[in-house]
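Student: Have a look at this one before I ask anything.
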């Protein structure tokens, strides 16, 4: 590599070798040179860095440990690392690197290059970057980074009663609170003595340092033409000029750094947070935020809070499940189904054409008992409870988020300012230019016609893929209809009863439901993998202007697709299966013309099938997700570092260790949020069918927190610290899912569960307010002679006990008049009573749930009063301290001039203190 330093040396000293360490002039972002980098003009002290005779102790990697986060002098911290492989034919890349690194030096950064000869693969160069105090102070002022100016003087709340009970869940105080609590104010380079600066080298933590350096890297040009400046590390990574760019971890994760100047925060995070056996401990959120930045910190805060709230939902769900388990003896309708006198004498009509025979109702005895565990009064209570729980979760999260915003100095954070940087792809692909009315500079833009065309194509692609999912679901439904007949034919002599233990539980309905759910899950995962790439491709094709716009567009596309992909099969079973089947003699067929007859619900109801579908899809996704998240990065990292692991620790440099890890892309957190929001949908939208769903989610999330922590700490490079004051667009998606869940659960209880028909029978049709006779009442009668040849079972399909000369009728689930009645096979009045009760229940439940939801939201303020008081106190102090600071500064200036002027100065004589300070309130 030919570096800027060697060019300068060649000009000034007649040529020399390329320097290892390069220190550029310090710079202010307010002045520009011809290359477009902002800087002050300082002379370069060439004698400070001799290159003709490099110090052997600096270069010999056998004598000095390279497992360090400092330059070779052991003093200057490595804030960022760039890596590249020098291609023989890559002259353009060399020129870009040469100009880019020269401009970085002019911006005030200091560079140190590791030659490929000392790297593990003998091919990779590493450029280490250090930001000196002048650069950090300048850009901290530009970015308005908040820094401490006074210790927090607000009294700490009194100890919570019985606080000792929570001791086993606590972490050491130095881990939970790695820094004292301070009042903070935006950094001002002109008032350095206003802030609490003990040591300039450690004043800005590494996460702030790498954020500032990345800000410079993203804006420094590497090629200037008359039309535009090509700039930014992202474009250089995209075109292959550099292979990677990343800040360094501060130590190995399994042991602290030997260097006393290194904080070893990564080791502390691994020891106290990322190990699975710490699952019952609280999360060190302040340390996570300090090490990774606020954006990752807010994700783990949300995930932890969501998991805590799941505990309450899981406990209530478990109680409702146990209620169903222990009230078997009160389940009169299941007893009737299972009894030989009632269920054994009720002959049911065939469930499919030709291949299905007549069957006795008591053959569904087991599924009826299983249904009762989930289809009982507790289900209705739990559905209403979850409507309130989801509101409490979202409202309390807003309060938690507001507290974090204050504690993490995000109250005045303007996300728009941080995200308005144009994406490099936008600048590259938009060749048209127009004048920006605000900056009065020419900027790229996408013509309206191109924008409309791209949006239309993107929307058409999304609709096509959603249609593809629906087509796959229809295919699975066709599979269910076709295979059910085969299972029914195979199982008519009950060969499965010979299977040990579970044989008697396997019915045609269960076999069909389980196999269809498994096939559906496989289709979901395959479509998922394919659509991820398509969604990113069409979002790239739209050329969003900013990173925020890019993330929002991708979020909408991905969630819409995932919503249809994961939930469509559950919606089918919940709201369509068994609802449009017709009746014997006049069945409804799929598409009207096919020979596939629409499915009927089991006599125990469709709820148990919805439960089966939910368990398989939800559990399968969670297990697969955790295995994929943990296993894939681990295998890739083991393979990538297989050679380097055999080296002594002192030779396996810190930058090479991190280079061998997986890159944490800018969409890394997007997939983490997406996974959790899909799970949130499962436990809210269909929770009425499976009260144990929150318990499964709780167990998964306990593992998920530690898997994510382990992955961030051990398997990924350290991400660039970035700010975020909330979970962003996901908050609105969660609100939408919460509202929809009230509707879906009301419909599940009304139309999928048998709760309403049973209550109508007990209060309107039973003589003694009991459930005796309910089964007989809920089954209609059909005359067998009314079957056409297409519907009648084939010879040999019906069981041996069936005698057509003796048995002339069969029963089916519906409320219709029998054969011979003047309204033959039309709906009875009881059907309309039940339908009216179902609609009334939906209206009442929705109104009650929404009223409670909005009342709770109104009662709970989004920002705690304590946080509001602290914010006001901090603003007051900033005004007061700045006022006093300026007054003292002015006194000093005036006292220095007292020799020239003998008059007594009047400092703010007419301004009362409270007038100045009241502005902050």
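Glycine is no exception: its Cβ is also placed from the backbone N, Cα and C atoms.
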Student: If you look at how TrEMBL annotates this chain, which of 243-270, 271-298, 299-326, 327-354 comes out as transmembrane segment?
Tutor: 299-326
Student: For the transmembrane segment (510-531) and the transmembrane segment (462-490), decide whether they are in contact, meaning at least 3 CB pairs lie under 8 A, counting pairs 6 or more apart in sequence.
Tutor: yes
Student: On the 0 to 100 scale, where does the mean pLDDT of the domain 'Anoctamin dimerisation' (70-285) fall?
Tutor: 85
Student: Counting CB pairs under 8 Å, which listed stretch among 462-490, 680-703, 733-752, 839-860 touches the transmembrane segment (377-397) the most?
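Tutor: Result: 839-860.
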Student: Given a Cβ distance threshold of under 8 angstroms, which distant residues of the chain, six or more beyond its ends, lie next to the transmembrane segment (680-703)?
Tutor: 276, 279, 303, 306-307, 310-311, 313-314, 316-318, 320-321, 374, 378-380, 382-383, 386, 390, 563, 566-567, 570, 574, 607, 610-611, 614-615, 617-619, 622, 626, 734, 737-738, 740-741, 744-745, 748-749, 752-753
Student: Please indicate, using numbers and ranges, the residues of the same chain that are 6 or more beyond the transmembrane segment (299-326) and have a C-beta under 8 Å from a C-beta there.
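Tutor: Non-local partners: 282-283, 285, 288, 372-379, 381-382, 385-386, 389, 392-393, 396-397, 400-401, 404, 669, 672-673, 676, 680, 683, 687, 691-695, 697-698, 701-702, 704-705, 708-709, 727.
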Student: Near the transmembrane segment (839-860), which residues from the same chain, at least 6 beyond its ends, have a CB less than 8 A from one of its CBs?
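Tutor: Residues 383-384, 387-388, 391-392, 394-396, 399, 738, 742-743, 745-747, 749-750, 756.
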